[in-house]
């Protein structure tokens, strides 16, 4: 007897999608741009976020299974495997870095900042939290959705709303406006390479709209997935722009970008004589980061399971537990993340930089996944397999072409070292990036061939 499915509500799916895309951690990097941050967010939203949202809505309304099924139907199962592998492997190298942030933020919240420099502590937190998230996902049903949506509400949406209230109070009470905002122009200098780089960087900030589409058929009303896309689009854009301007209004020009959000909260709490709230919000932001981990674990691994069941991956990848969860893939992810986390013990001073570089390079694979998704959408519309019933994206061909161009720009930029990058010589950076991209992509080809031998 199959376990009874617990259905995911529209509100749960909307919150999961918002926290998959938006977060408070990276806002200080844009806050230093002041008023320019509005355009630096809106341009990527128009050329990437809007196309991704519209195309995801049409594909999700027609096919269950997320990116793998979409690309498989549009371009064939081999390209479907390549697409889901690109999404999955990018996330695998991202998990340790995100969980290291969780560990450091948790230590700061309890006043034990020195723990953030302990490789043993960082590794322990990564292993414990990630395996807990794996266990949660393996429980099946909508338990992971409930936990992710509640944690996302506590750690992302509520702090963003609180930041809005504090920002309004800051203005009403006539507090000092930081030069970061008051002395900034509204129009970025597009002749400056740094301005163009920030726009491309923000293309990636809006990535993730497609992630939870794999669960559309687990919703109590699957046809309402298009509502999820609309709510997530508005919610994510609001969380990016409004809190960024508030941070720019409060933070000094020389703020430490790694903990700028917490500093801004603490500054406003101290001003209004409620400083004790700082630690509470710091813990809430930790919950938000954990929620993003939970949201990102399920879909790519579920997509890999679909590919395995189609015979595109070796037999091991087809393993499921009594709850129907992709146990083989989840355990493999846990093992890989555990091994990667050990680097924080072996190389405590350099590993953060290494992961940062690795994630930046792996982004090249992720944006090419979007290219495949847009190409699949064009082909499916041409064959009249989507957009006939249910949601029909307006201007899909134009939107897809714009999205592809944005992705190609982002792909090229991954081969250009970021400003201030010191870990790799500038002349070698494109070569090493190419080698990393190849090393992360090649296993999908090897595993596909092994699977074909097993199936023959």
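Keep in mind that glycine also has a Cβ here, set from the backbone N, Cα and C atoms.
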Given ranges 228-251, 300-323, the stretch to which TrEMBL attaches the annotation transmembrane segment: 228-251
Positions whose Cβ lies under 8 angstroms from the transmembrane segment (271-297), at least six residues beyond its ends: 16-17, 19-20, 23-25, 91, 94-95, 98-99, 101-102, 105-106, 108-111, 129-130, 133-134, 136-137, 144, 147-149, 151-152, 154-156, 158-159, 162, 166, 169-170, 175, 208, 211-212, 261-262, 265, 330, 333
Range from 33-55, 150-173, 228-251, 328-347, 396-416 with the greatest count of C-beta pairs under 8 A to the transmembrane segment (353-375): 396-416
Cβ-based contact of the transmembrane segment (7-27) with the transmembrane segment (328-347), 3 or more pairs under 8 Å: no
Any contact, the transmembrane segment (228-251) to the transmembrane segment (428-451), with at least 3 Cβ pairs under 8 A: no
Surrounding residues of the transmembrane segment (396-416) on its own chain - C-beta under 8 Å, 6+ positions past either end: 44, 47-48, 50-52, 54-55, 58, 197, 200-201, 203-204, 360-361, 363-364, 367-368, 370-371, 374-375, 377-378, 381, 387, 429-430, 433-434
Long-range neighbours of the transmembrane segment (150-173), counting only residues six or more past its ends (CB under 8 A): 15-16, 18-19, 22-24, 235, 238-239, 242-243, 245-247, 249-250, 264-265, 268-269, 271-272, 281, 284-292, 294-295
